[in-house]
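Listed in TrEMBL:
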type	residues	note
COMPBIAS	439-448	compositional bias 'Basic residues'
REGION	376-448	region 'Disordered'
TRANSMEM	12-30	transmembrane segment
TRANSMEM	79-96	transmembrane segment
TRANSMEM	108-132	transmembrane segment
TRANSMEM	153-177	transmembrane segment
TRANSMEM	213-237	transmembrane segment
TRANSMEM	257-280	transmembrane segment
TRANSMEM	301-324	transmembrane segment
TRANSMEM	330-348	transmembrane segment
Amino acid sequence: MPRDSDLYASYLALGLQALIPIALGSFKSLKTPANTLRKLRAARRDKLALDLSYCDHVDFDDEEDAENLEETLTWADSLMFPVLGSVALLGLWAILKYVGKKWINLILGVYFSGAGIFAVQSTFSTLINLALRALSIKSKTYHIRISAGIRQIFHLPFTLPSLVLLPFSMILPALYIPLGRPYILSNVLALCLSTATLALLKLDSFLTAFSLLGLLLIYDIFWVFATPVMVTVAKGIDAPIKILSPKTSPFSHPTDFAMLGLGDIVVPGLVIALCLRYDFARHVRSHPKEDVTTRSKFSKPYFVAGIISYIIGLGTTMVVMHWTRRAQPALLYLSPACTIGPLLLALARGEIKDLWSFNDAPSEDDESDEKKNILDDTIEPPSEVAQQARTAATKESDSTPVESGSGGGTGGARIALDEDDSWMEGGVVGGGGDDGGKPRKRKGGKRK
């Protein structure tokens with residue numbers, strides 16, 4: 001039987017592992033405001049067109065900006081969580097009971113190994129970028145572009161550290177099943193999956209957050225205390241859907257573990273990430289003239305309150321579990337803690353109304369900007385040489401008078417340049433080529 005000192009160490013290790021993806025995933029969920037992105041992109045275009053020094057005071061990472069996949073959960077989505085969770089849980093329990101755990105463990109192991117490649121790559125790239133940034137080392141961003149003519153059909157920005165990590169990200173999950181599903185490797189994959197999930201999923205408001213916590217609190221109590229389903233599935237499935245901490249020395253081939261399901265990390269983590277985004281939004285509102293990015297420093301009172309609430313809730317779970325020697329539904333303690341903590345802070349600061357009215361769902365303007373950016377990103381950005389050729393052609397044309405034609409125009413008229421890509425085929429607009437400096441036309445009289 002494990003000693004109390006070993007159990008305390010096991011609970012501490014479990015709690016520390018849970019905090020890592022919550023903190024990392026919360027910061028990965030931040031997004032640079034749309035108006036700041038427009039300024040940064042405009043400055044980058046100006047640098048290409050005019051060869052001016054790019055705003056050194058603005059820290060902008062092409063690779064991080066490209067990672068904009070996200071899914072916003074609304075209040076209606078929160079109502080479906082317990083329903084879908086119950087269906088999935090019952091399905092897994094029925095397979096374990098009537099089919100056996102061999103095939104389900106194999107299928108889930110293969111599935112999570114595949115998903116783990118992307119999760120490991122994303123998580124460890126972020127960790128390395130944080131370490132390099134702390135050492136004031138800036139990684140240069142490279143780009144892979146595939147184009148058809150000037151139409152860009154694929155664009156992948158990457159840094160050298162992320163490229164070096166790619167073999168590691170593929171090999172590590174691939175070894176999960178051949179090595180016999182060691183608990184350390186299972187924990188690594190589970191923590192990476194939790195981090196990636198928190199970066200991908202976002203709650204739109206505190207109404208959604210507190211509704212989700214309340215509904216899943218009832219869900220957890222029912223499936224843990226009223227039926228053996230939750231415990232049976234948690235113990236029967238050997239896949240990275242939980243984190244494990246040995247109750248004895250980790251160097252003595254442990255067989256008894258304390259465990260925490262990923263749902264007990266991700267669900268409160270979604271609320272804590274929302275607290276951090278609320279802190280960020282408050283900072284953006286209070287500094288309207290600054291180019292605030294995700295790397296800007298800002299106060300985080302609600303994020304800190306969320307982290308402290310999570311620690312209190314998880315600590316209470318472990319105390320009760322140790323005292324009763326029985327599995328506990330962690331959300332029974334985490335849900336009230338992560339609800340009461342931010343609300344008490346908002347009440348003390350007189351910000352209840354602002355907290356409750358905060359909405360993090362993408363606005364129509366943001367969605368319109370994203371559509372425009374998607375359209376713009378399909379165009380292959382001209383090289384610096386091409387930009388200089390276009391600028392030189394424009395200046396030359398602006399300074400060259402032309403005689404009036406047969407249509408009776410004045411002699412002081414100048415050529416009005418439209419957006420013209422004829423320089424790509426060797427011609428210079430208005431440069432006095434074989435066609436007399438006139439813009440080339442397609443059939444039908446339209447300019448090319």
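Cβ from N, Cα, C; glycine included.
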* So which residues does the transmembrane segment (301-324) touch in its own chain, when a touch means Cβ under 8 Å and the partner is 6 or more beyond its ends? -> 7, 11, 14-15, 18-19, 22-23, 26, 258, 260, 264, 268, 271-272, 275-276, 278-279, 330, 332-338, 340-342, 344-346, 349, 355
* So which residues does the transmembrane segment (330-348) touch in its own chain, when a touch means Cβ under 8 Å and the partner is 6 or more beyond its ends? -> 206, 210, 213-214, 216-217, 219-221, 260-261, 263-264, 267-268, 271-272, 275, 301-302, 305-306, 308-310, 312-314, 316-317, 320, 354-355
* Leading contact stretch, 12-30, 79-96, 108-132, 153-177, 257-280 vs the transmembrane segment (213-237) - CB distance under 8 Å -> 79-96
* Under 8 Å, at least three CB pairs between the transmembrane segment (108-132) and the transmembrane segment (257-280) (pairs 6 or more apart)? -> no
* For the transmembrane segment (12-30), sequence-distant contacts whose Cβ falls under 8 Å of one of its Cβ atoms, 6 or more beyond its ends -> 70, 122-123, 126-127, 187, 191-192, 194-199, 202, 243, 245, 258-260, 264-265, 268-269, 272-273, 275-277, 280, 294, 303, 307, 310-311, 314-315, 318
